[in-house]
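Enquirer: Provided herewith is a single structure, encoded as structure tokens, for subsequent inquiry.
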């Protein structure tokens, strides 16, 4: 796969996987526009991590509207005239909703999505960062983001499992599945270059990049 020909690249993974750092690095290296999710502006998110059952629906609806606005802005301002790297997939709302919402709330969320379809373009490439819940918890605690300090390991475990299920079935774009537990794609140029080389060698719609512990 020729990365320079990719107009729209998405980096995805659970909270703490390192997707934003990798997306920044890729946008810089490839001279692309960067589109980031903005969890810090969601007024419900911190309360959601403290009391998930109470604030799950409002949190997910805010993100749904935020992604809709970002998609509209991207189409109006950019129209993909410049290549884009993003740290989120527009379809991720259904993934999080399945983990966080009660059955009645999830049904309502699906109805809203059906009435407000995003019609998002398919990426040219998705990079899925796969990380165990134990490592996610460790990374979240280390980076000290105030919003994330109340995230439970059980929630991360269910989220990581849902991500694996989602990308097992995902077929809208080629996917590079990266086991990122033992590589530092944020700070190591060597690891980052190794990933880019592996992507350049992609020949099928789903491939794996796994570097074991040293």
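Every residue gets a Cβ built from N, Cα and C, even glycine.
Quantities reported herein were computed from a predicted structural model and do not represent experimental measurements.
Below, the features straight out of TrEMBL:
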type	residues	note
BINDING	13, 14, 15, 16, 17, 18, 19, 20, 21, 139, 140, 141, 142, 143	ATP binding site
DOMAIN	9-200	domain 'Deoxynucleoside kinase'
Enquirer: DSSP three-state call for residue 21 (ATP binding site): helix, strand or coil?
Expert: helix
Enquirer: Can you tell me whether DSSP puts residue 13 (ATP binding site) in helix, strand or coil?
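Expert: For residue 13 (ATP binding site) - judged by DSSP and reduced to three states - the answer is coil.
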Enquirer: Drop a 10 Å sphere on every Cβ of the binding-site residues 21, 142 and tell me which sphere holds the fewest other Cβ atoms.
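Expert: Least crowded of the binding-site residues 21, 142, by Cβ count within 10 Å, is 142.
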Enquirer: What residue among the binding-site residues 15, 17, 140 has the most other CB atoms lying within 10 A of its CB?
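Expert: Result for the most crowded candidate: 17.
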Enquirer: Should residue 142 (ATP binding site) be counted as helix, strand, or coil on the basis of DSSP?
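Expert: SS state of residue 142 (ATP binding site) = helix.
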Enquirer: Sort out the sequence-distant neighbours of residue 19 (ATP binding site) for me: same chain, 6+ apart, CB within less than 8 Å of its CB, listed by position.
Expert: 11, 12, 13, 87, 88, 129
